[in-house]
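Asks: Look at TrEMBL and you will find 140-455 tagged as domain 'Phosphofructokinase'. Residues or ranges marked as ATP binding site by TrEMBL: 146, 219, 220, 244, 245, 246, 247. Summarising the annotation, TrEMBL assigns Mg(2+) binding site to 245. Look at TrEMBL and you will find 246 tagged as site 'Important for substrate specificity'. The annotation substrate binding site is assigned in TrEMBL to 273, 274, 275, 318, 319, 320, 374, 431, 432, 433, 434. Per TrEMBL, the feature active site, proton acceptor maps to 275.
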Ligand SMILES: Nc1ncnc2c1ncn2[C@@H]1O[C@H](COP(=O)(O)OP(=O)(O)O)[C@@H](O)[C@H]1O
Ligand SMILES: O=P(O)(O)OC[C@H]1O[C@](O)(COP(=O)(O)O)[C@@H](O)[C@@H]1O
Ligand SMILES: [Mg+2]
């Protein structure tokens with residue numbers, strides 16, 4: 001195939017009279033290098049420039065569709081086939097089973113009479129015509145980044161979806177090459193392994209009952225060219241990539257390289273993060289499971305705290321940059337007296353500080369439970385200890401253990417106040433939470449995400465992430481889910497509900513509140529200390 005055939009030619013699937021199609025090329029804000037990786041280890045980021053194409057479609061009344069790429073954007077003459085689902089007895093009874101090519105989902109559901117219709121995403125689901133014949137499909141699945149409940153369910157459902165809905169029987173798992181572990185540990189680098197694992201509905205039948213990922217996973221850099229060489233050499237034409245923000249950035253680069261080489265290969269991301277810190281989507285799979293499992297740790301902390309004189313139970317939960325697990329686990333439990341998250345800086349000493357609140361609560365109730373997200377209070381720890389700026393293999397900040405630090409500071413404080421004995425127990429259940437299988441509701445959610453991914457790839461869409469937006473499954477351009485993280489907005493009602501349920505101080509002085517011109521200023525005041533400001537998640541804003 002000659003490269004000139006790849007000249008960008010818009011896919012005309014929208015078909016609507018009122019829509020005007022604009023294809024804009026721009027350099028994305030994908031980080032061009034990972035600080036902890038050498039150029040040799042990550043030519044992805046150092047060498048190939050991941051130039052994304054955002055397809056913007058505009059309509060009347062301020063309607064904007066942020067569309068996703070399609071194979072016909074650069075391979076205009078691809079043949080189409082009728083969707084095998086229409087002959088599937090299970091689905092034949094469904095009225096309007098196929099998604100209309102004009103169906104889109106609004107990013108914002110709360111609108112005012114005069115407000116423009118705003119940004120929309122393409123609705124996920126099966127299309128009448130597909131761009132792959134079942135026998136020609138060779139799909140592969142890879143899992144990257146940290147573990148999260150539900151990974152195996154997504155793998156299972158991609159395999160079953162491809163097989164049962166589309167009759168695809170050639171599916172490879174990109175897995176850890178244990179015998180050759182210097183080269184490949186699973187995750188992106190699993191592509192370098194000589195072996196792959198054949199996946200079939202039979203071989204994945206029970207895997208959703210297990211935690212972790214049957215394919216293995218890794219952090220650290222990868223070589224995009226080497227991966228695409230591998231995809232090309234093996235004849236893979238559908239790539240399903242399950243992973244978090246780092247993984248989706250990697251997927252964007254792989255998609256760009258595939259498009260540059262004019263390959264008929266669909267690249268699909270399924271967003272994974274236990275922290276729920278991916279922008280745009282309502283929530284990430286595994287999050288509900290994590291919140292539910294966190295209850296067991298909180299209950300244990302409560303039992304311990306209630307049983308001793310001035311008992312304090314401290315529970316550390318995951319959340320590197322976002323405190324969603326801590327916030328929802330606190331709201332669900334009702335036994336928590338204080339929840340500390342990265343988005344809401346706190347202070348220990350003096351009026352309105354944490355120590356004062358602990359002392360008051362102990363005097364009133366005789367015990368208390370504190371939940372702390374792992375990313376909370378990092379600035380305070382750095383102040384009191386010599387700051388250590390370390391990163392993991394993927395360039396994520398390595399955090400100091402806030403749970404241990406906080407427990408020690410509380411003990412020191414009460415040791416100084418000789419008349420008050422305390423009994424503090426610290427529980428760190430983080431990896432126990434992350435390693436469990438997904439619960440029932442996450443299993444259903446994972447199934448729908450996987451099926452949406454399969455429908456999208458079969459329909460020829462590529463370079464996108466599947467995601468739930470306002471309760472509807474959608475296809476979202478990679479760029480949109482990677483440009484910023486999702487954070488708890490502490491000026492929203494959800495955080496107010498938490499404050500009113502725990503009765504904890506807001507740790508904002510009245511001066512802060514008065515001086516902030518707007519809710520945005522107030523949020524900025526707090527997030528300045530952490531990372532860049534993220535959008536509120538719809539689950540948070542909508543409730
Ligand atoms: N900025 C980046 N650009 C391209 N690829 C990345 C980037 N960050 C991470 N990756 C790739 O994604 C993989 C997983 O990233 P990591 O941050 O560990 O987990 P997660 O995807 O869960 O955020 C890494 O092994 C690396 O190959
Ligand atoms: O020990 P690991 O594997 O580095 O993972 C720890 C981190 O992984 C997380 O669970 C989620 O991170 P990812 O979404 O990048 O996988 C964080 O909450 C936690 O800080
Ligand atoms: Mg991440």
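Cβ atoms here come from the backbone N, Cα and C positions, even for glycine.
Curation does not apply to TrEMBL; its annotations are automatic.
Thinking about packing and proximity, how do these listed features fit into the structure?
Replies: DSSP assigns residue 244 (ATP binding site) to coil in the three-state reduction, outside any helix or strand.
In sequence order, 273, 277, 278, 481, 482, 485 constitute the residues six or more apart from residue 245 (ATP binding site) in its chain with CB-CB distances below 8 Å.
Around residue 246 (ATP binding site), the C-beta neighbours below 8 angstroms that are at least 6 residues distant in the chain are 144, 145, 219, 394, 395, 396.
A simple way to gauge crowding: the CB of residue 434 (substrate binding site) has 19 other CB atoms within 10 angstroms, across all the protein chains here.
According to DSSP, residue 275 (substrate binding site) is assigned to coil rather than to any helix or strand. If you draw a 10 Å sphere around the CB of residue 275 (substrate binding site), it holds 28 other CB atoms from the protein chains shown.
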Asks: Based on a Cβ-to-ligand 3 distance below 6 Å, what subset of the binding-site residues 245, 374, 432 would you report?
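Replies: Result: 245.
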Asks: Calculate the per-residue pLDDT averaged over the domain 'Phosphofructokinase' (140-455) and state the result as an integer.
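Replies: Across the residues of the domain 'Phosphofructokinase' (140-455) the model's pLDDT averages 93 on the 0 to 100 scale.
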Asks: Including all protein chains shown, what's the count of other C-beta atoms within 10 A of the C-beta of residue 273 (substrate binding site)?
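Replies: Excluding its own Cβ, the number within 10 Å is 28.
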Asks: Near ligand 1, meaning Cβ under 6 Å from any of its atoms: which of the binding-site residues 146, 220, 244, 245, 319, 374 fit that description?
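Replies: Near the molecule: 146, 220, 244, 245.
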Asks: Which binding-site residues from the set 220, 245, 247, 432 have a C-beta atom lying less than 6 Å away from ligand 2?
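Replies: Within range of ligand 2: none.
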Asks: Hey, for the ATP site built from 146, 219, 220, 244, 245, 246, 247, who else sits with CB inside 8 A of the CB center?
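Replies: Checked against the 8 Å cutoff, the neighbours are 144, 145, 243, 394, 396.
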